[in-house]
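**Q** Quick paste of what TrEMBL says about this protein:
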DOMAIN    B:59-177  domain 'ABC3 transporter permease C-terminal'
DOMAIN    B:528-628  domain 'ABC3 transporter permease C-terminal'
TRANSMEM  B:18-38  transmembrane segment
TRANSMEM  B:58-78  transmembrane segment
TRANSMEM  B:99-132  transmembrane segment
TRANSMEM  B:152-175  transmembrane segment
TRANSMEM  B:196-216  transmembrane segment
TRANSMEM  B:222-245  transmembrane segment
TRANSMEM  B:285-307  transmembrane segment
TRANSMEM  B:521-543  transmembrane segment
TRANSMEM  B:577-595  transmembrane segment
TRANSMEM  B:607-628  transmembrane segment
Amino acid sequence: MKVMLEAGNVKKVYGQKGHIYTALKDINLEIKEGEFVGIMGPSGSGKTTLLNILSTIDQATSGSIRIDGNDIGKMKEEQLTSFRREKLGFIFQDYNLLDTLTIEENIVLPLALSKVKAKEIDRRVKEIAGKFGIEDILSKFPYQVSGGQKQRAAASRAIIANPSLIFADEPTGALDSKSATALLQSLSQLNVKDHATIMMVTHDAFAASFCSRVLFIKDGVIFTELVKGETSRQEYFQKILDVLSALGGGKGDLI
Amino acid sequence: MTLFSIARKNIKRNFYNYFLYFASMIFSIVIFFTFVSLQYNDQIVKATTMKVDGAFKAASVALIIFVSIFIWYSNAFFTRKRKKEVGLYSLLGVKKKQIGLMLFYENFVMGILALVIGVILGALLSKFFVMLLMKLVGAAAVDVHFMISGKAIIETVIVFAIVILITSFEGYRLIYRFKLIELFQAEKKGESTPKASIFAAIFAVILIGFGYWLALDMSLGIWSNFLFTVFLILAAVVIGTYLFFRSLSVYLLKLSKKNKRYYYNGINIIGTSQLLYRIRGNARVLTVIAILSAVTLCAFGTSYSLYYTNKKSVETQYPFSFAYISQGPALDHKVNEILDQAKDHKVTNTVSVPALKFEADLPDMDNPPSQYFMDLRRVTLMPQSEFNKLAGELGIDDKIHLKGNHAIALDNEYNANYSPKYKGEHAIIHSKPNKATLEFIGFKEFNLLNREVGGLTVVVNDQLFNQLSKANPVANIKEINVTNAADAGQLSNKLADILPEKAKFSDFYKAYKGAMSASGIMIFMGAFLGLVFVLATGSIIYFKQLTEATADKDRYDILRKIGVSNKEIKGSIAKQILFIFALPLILGILHSAFALASLSKLLGQNIVIPVLISMGVYTLIYIIYYFLTVNSYDKIVKAKKRI
């Protein structure tokens, strides 16, 4: 299987002399094509920093990152921009939908930006809206729909351009459990049926149990990892909880 | 801790936020105070005729309206920034009435402070300001001793006290106007898009057309009540403009949205939707900018046209800096000596023109030209060879060849409506020994002789001239051009002292200064208002851009995250702002074109050139504003951290 993402000795330091804070000490990881990888860890462990760096939104202090064979450390700002547009998809905790656009327009945005033909755009948006069950709200504005619908719209936007890699940052963080489950199931479907590669940061063990592999970070290093393999989701969920309690963060901090 | 002290502390702490509002209030007060002081200035009161007095009053009313709108606008901008803070107070359990009172105090304290500072600054700066403006418009002839007028202070205080009270009351109502939730999520919801009604569009066009028609017709004197007509025109055009923008902008944007090939093409989707998102606010701003542009253009255009036509008519009436009828070589010599001594003025051209002056009858003309009467019903004959020579020297490409008793009049005050048509008309000159008849075959719209010496100048052929000069005395007209003729006051006085009355000494300087001081105050007023309105338009655009850029920052952050390059973002911003800028400029220019056409009719003069120049200058300033706006918007949106 092809390696989709490869990070070697990634380090991130914030601040200047005297007030240095090391968010990531030394991260090495690899994500293969078709994997659904979760990143977990207590607050302040550096998981969001890691996601931002891997997804090219932030820059690492040192270390190398390759996505789909491209060394993103060597790319210039302009190149990174088009790289993000063509190869990556994003789902954020606070949706990051544009409130000036309708749901449909939000979803087609990446295609419009890449100047795909209008007919092709129409076809794709119908297909994807069907997948996420949001056909009815396409003409509505973000402030007119629920959080779960917004997040599904954001997920649709993330995948519409067929990205090599999808990054999800606490996608269920602002959703009620029903919406969260629906979204996670959609992502899981996407992973299983369409072989999408997904990396998801979460602090919710339930959300993480949908992944095929979970990496745990603590204090800026990868502490351990847990592969789902043939275990059921319930068993996997239990195992994740075990690791989390071993990690030391109180349970209240995790859910 | 009293409410009043909280309000005071608020002002102290958020000074940066308050600063813009405060500065724009002070600016308005200084402007208004300066203008009103001018109005009550003793000298100007003495110098002004009825007409100028009316213009002054109209201008100060326009200023009051403008200043109120401007302060109201800045106030709205300012309160929007504070909605969240107000919401927080309410959340923490401060009573609505208390919050209202607190906002009222804040506004009131700031207003009073601005008023005091504004009047003091106005008193200090206005003299300097007025002198600067005088210099700028070249109206040095209007010599204003500036003084602080009690009446001006009282009027300023009254006008602004009312404005401040109203805005303070608006502040008080803020907490009652909005629900708590609305205070917290200001700007989240889009404005509901108004329908692109075809009726509204037609109605708008009818209203604007009605305004234009009135403006053009007013000059014909059908509408006796001038002020009422002006008011009607203004109302029709302003409302029409607003409706026009509201319907047209929606229509245009919706059209571009429907065209998916355009809409789904790159960043267009962002720009178009942003504009639709704030459509109501945009329609308002577009209207304000269009009207302000029109007002600015009218003020600029009117003053510059007056200046231009005055200058032009003086220049055509006085082709030479000095002219006189020679009274013998001794005096000519003296004149040359004085000219040689003048250090600041070099003689560039001296000519000597033979001429014959005759009393004359103009039997065919109902309305003979004014120069004829000014020269005591006389005409001045000059031979065509002299005309051709002189025209060549002055760089005028025009040659005359006449036969027999044919003649050509030189009428530099020609006006198609009032002047005689000359062609085929006759002049009977009282020459010796017999009267002679000249037949005009045409005229020229310039003269080669200065007004006082030339009067109504008539060019005849050399043979006729020579024949007439046998029995009649030939006058020798001396004409001199010097450098810096517009400042040649001293030189002019020296020459006038030695030349007798019958030399009919004629100088460009005196005529020029006379024309300038007559129109100086008008010019000054136009330039003053024009400047104020240009600044105001700039500030309103600036406020709008600042508000929107800050509100839009998050949106552009998202775009950057999902892969939109900075270049594309700037392109989109440039397009959006172009829409906001171009539409009102076009309409503003159209409005002012009709207003100035009406003025042109009133003046009976062709002012196409000065009007085009004013429009060009304004458009240039406007384009500079555009690029500045795009750049600052872009900078705010791209800034890494929120301030």
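Numbers here mean position along the shown chain, with the first residue as 1.
Every residue, even glycine, has its Cβ placed from backbone N, Cα and C.
TrEMBL: automatically predicted annotations, no manual curation.
Give me the structural setting of these features: burial, nearby parts and distances.
**A** Outside the transmembrane segment (B:58-78), and at least 6 residues removed from its termini, the chain residues within Cβ reach (under 8 Å) are 17-18, 20-21, 24-25, 28, 31-32, 35-36, 39, 107, 159, 163, 166-167, 170-171, 230, 288, 292, 295, 525, 529, 532-533, 536, 539-540, 543, 546-547.
Counting only same-chain residues 6+ beyond the ends of the transmembrane segment (B:99-132), those with a CB under 8 A from a CB of the stretch are 3-4, 6-8, 10-11, 18, 21-22, 25-26, 28-30, 33-34, 37-38, 75, 79, 86, 89-90, 144, 146, 148, 153, 156-157, 160-161, 163-165, 167-176.
Long-range contacts of the transmembrane segment (B:152-175) within the same chain: residues 28-29, 32-33, 36-37, 39-40, 64, 67-68, 71-72, 75, 79, 83, 86, 90, 96, 99-101, 103-104, 106-108, 111-112, 114-115, 118-119, 122, each at least 6 residues beyond the stretch ends and with a Cβ under 8 Å from a Cβ of the stretch.
If one looks beyond the transmembrane segment (B:196-216) by at least 6 residues along the same chain, the residues whose Cβ comes under 8 Å of a Cβ in the stretch are 223, 229, 232-234, 236-237, 239-244, 246-248, 250-251, 254, 594-595, 597-598, 601.
Within the same chain, residues 293, 296-297, 300-301, 304-305, 307-309, 534, 537-538, 541, 577-578, 581, 585, 589, 592-593, 596, 599-600 sit at least 6 positions outside the transmembrane segment (B:607-628) and bring their C-beta atoms closer than 8 Å to a C-beta of that stretch.
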**Q** What are the helix, strand and coil residue counts for the domain 'ABC3 transporter permease C-terminal' (B:528-628) according to DSSP?
**A** 93 helix, 0 strand, 8 coil
**Q** Which residue counts does DSSP yield for the domain 'ABC3 transporter permease C-terminal' (B:59-177) in the helix, strand and coil classes, in that order?
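**A** Helix, strand, coil within the domain 'ABC3 transporter permease C-terminal' (B:59-177): 103 helix, 0 strand, 16 coil.
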**Q** Do any residues, 6 or more residues outside the transmembrane segment (B:18-38), come within under 8 Å Cβ-to-Cβ of it, and if so which ones?
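**A** Sequence-distant neighbours of the transmembrane segment (B:18-38): 11, 44, 59-60, 63-64, 67, 70-71, 74-75, 77-78, 110-111, 113-115, 117-119, 121-123, 125-126, 129-130, 144, 146-149, 151-153, 155-156, 159-160, 528, 532, 535, 539, 543, 546.
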